[in-house]
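Q: Reproduced below are the annotations present in TrEMBL:
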- B:20-39: transmembrane segment (TRANSMEM)
- B:59-83: transmembrane segment (TRANSMEM)
- B:104-129: transmembrane segment (TRANSMEM)
- B:149-167: transmembrane segment (TRANSMEM)
- B:174-199: transmembrane segment (TRANSMEM)
- B:219-240: transmembrane segment (TRANSMEM)
Amino acid sequence: MTSIDVRNLTKEYRGRQVTRAVDGLTFRVEPGRVTGFLGPNGAGKSTTMRLVLGLDRPTSGTATVGGRPYVTLAEPLRAVGALLDAQAAHPSRTGRNHLRLLAASNGLPERRVAEVLDETGLADAAGRRIRTYSLGMRQRLGIAAALLGDPGVLMLDEPANGLDPEGIVWIRGLLRRLAAEGRTVLVSSHLMNETSAFADHLVVLGRGRLLADVPTRDFIDAHSQDRVRVRTGDPVRLRAVLRAKGWTVGEAPDGDGRWVVEGASAEEIGAATAREGIPVFELAGERASLEQAYLALTAEAAQFTTRTAASPAASPQEV
Amino acid sequence: MSATAVLRSEWIKIWSVRSVAGPLVAVLVSALAIALVTFPNIGREQAATEELDPLFWLYYPLNFVQIAAIAFGATAASSEYLNGALRNSLAAVPRRGLFYGAKALVVGALALAVGVVSGFVMFFTANAFLGEYAIGIGEPGALRSCFGAGLYLALIALFSMGLAFLLRSAVAVLSLLVPFILIVSFVVVGFSEGVAAWLPDRAGQQILYQEHTGPLGPWTGIGVTALWAGAALLAGWWAVRRRDV
């Protein structure tokens with residue numbers, strides 16, 4: 001089966017200063033699983049996808065699909081289906097004509113147009129002009145275009161963007177099914193929780209560089225620490241006992257007498273307090289949010305960090 | 001990837017967007033409409049004037065018809081730049097030469113076909129109202145002028161298409177070419193007859209004249225316009241080839 005191979009890929013834009021949108025990127029997207037392509041806005045996800053499709057030219061490095069540069073593929077829609085920008089369609093065309101002309105260019109049979117319209121739930125809207133479509137419908141049309149050639153590789157840039165909750169459930173199921181059929185599926189997003197719900201593997205970018213290329217399970221295990229919340233009648237002894245075992249205890253943020261033990265499971269704390277006879281009123285294990293782990297990973301590489309500047313209007317003025 | 005498949009795709013592109021197909025239809029409609037407005041009123045009176053080439057007078061509507069041809073070429077190209085539609089087009093047809101060549105061929109062929117029909121429409125409509133000044137289709141240069149009008153319109157459409165790919169905007173091309181053809185061309189004639197003869201519109205329109213007094217004949221004239229169109233197409237190709245989309 002076909003994989004996407006990105007090797008030492010670099011893309012620089014020359015303006016007043018040279019900006020590196022993609023910086024020495026190397027990774028491979030394997031068939032048979034959904035790969036989540038993560039990173040904050042401006043991390044280089046869309047640029048990488050455009051480079052794979054030959055729409056942008058790399059400054060150096062290569063990107064291939066099944067070992068061949070995309071531009072050398074004879075009928076590329078049969079090999080790779082891509083959704084880059086759901087807005088990228090002429091608004092005066094009908095959805096059906098948009099798909100018809102794409103199908104015609106790659107010698108795809110006309111019936112594929114009807115099939116993908118059905119599959120994406122657009123059959124009723126196919127005769128309407130794209131300008132009348134909602135964002136979610138445009139997104140579905142973009143996905144329909146990607147599926148047109150029944151390709152072995154799918155590359156979708158933020159496909160859930162603008163979809164309603166029902167649509168999000170639909171797209172998750174579709175991505176899982178496409179991967180289960182043995183296809184290579186690369187899906188970009190800037191939301192970790194959303195992506196971890198359907199991706200088997202994660203490729204994380206920050207400032208154009210590769211930050212992680214790991215199975216989703218491993219990422220979750222490595223980056224989201226266990227912790228335990230405990231409410232006790234004897235915090236002093238609890239602290240002493242846990243400290244002796246190498247755990248640190250801090251007061252929970254809500255500060256209503258609960259204590260938080262980082263890096264421990266509820267079973268371990270339960271056993272320890274029982275042995276020492278410390279009264280425990282409440283005991284709950286929880287995991288630090290995956291989103292937080294992801295934000296921590298990308299924080300130093302973040303392009304656009306939010307700064308809270310004092311507003312001039314709020315500062316007192318001296319007269 | 002077969003060239004015929006890409007040609008079919010370009011064909012659908014043109015007929016599925018009103019702002020592109022509209023100007024093409026307008027070439028034919030305006031040829032008939034302007035001829036019908038002009039010739040019953042001032043057709044014979046003008047044909048009687050000495051300094052006017054009798055054959056060229058039949059193509060008076062071309063002054064307006066060519067604006068529709070310009071709009072057709074410009075919108076056929078600029079529709080690719082609306083909302084980044086070009087990204088879809090080049091993802092489907094990544095060989096940019098094939099994409100560009102197919103578009104030029106479809107635009108050129110359609111403009112030629114509609115242009116030739118318009119040429120005959122202008123010729124016969126005008127003649128119907130000219131009485132003793134009418135020119136038969138068998139007279140010298142008559143048949144040549146009918147086909148020549150189509151050739152001229154096709155070259156003007158391609159000239160405009162090339163510029164639109166370079167400038168990525170139909171508005172830019174229209175605001176450049178329409179004043180050029182309606183005003184600048186006349187102003188240059190005032191300055192220098194010699195230079196004006198080589199302008200894309202003046203040179204190509206030689207194919208519509210019976211008498212040739214300038215430096216260019218009917219075929220050398222249309223050849224000069226073909227060079228202008230070729231240069232614009234090359235400039236557009238240079239832009240499509242090297243730009244990231």
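Each Cβ is built from the backbone N, Cα and C atoms, and glycine gets one as well.
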Q: When you scan the chain for residues with a C-beta under 8 Å from the transmembrane segment (B:149-167), skipping those not six or more beyond its ends, what do you find?
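A: Counting only partners 6 or more residues beyond its ends, the transmembrane segment (B:149-167) has Cβ contacts under 8 Å with 27, 59, 62, 65-66, 69-78, 80, 100, 103-104, 107-109, 111-119, 122-123, 173, 176-177, 200-201, 204-205, 207-208, 222, 225-226, 228-229, 231-240.
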Q: Is the transmembrane segment (B:20-39) in contact with the transmembrane segment (B:104-129), using three or more Cβ pairs under 8 angstroms as the rule and ignoring pairs under 6 apart in sequence?
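A: Yes, these stretches are in contact.
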Q: What same-chain residues lie close to the transmembrane segment (B:219-240): Cβ under 8 Å, and 6 or more beyond its ends?
A: 77, 96-97, 99-100, 104, 148, 151-152, 155-156, 158-166, 168, 198, 200-207
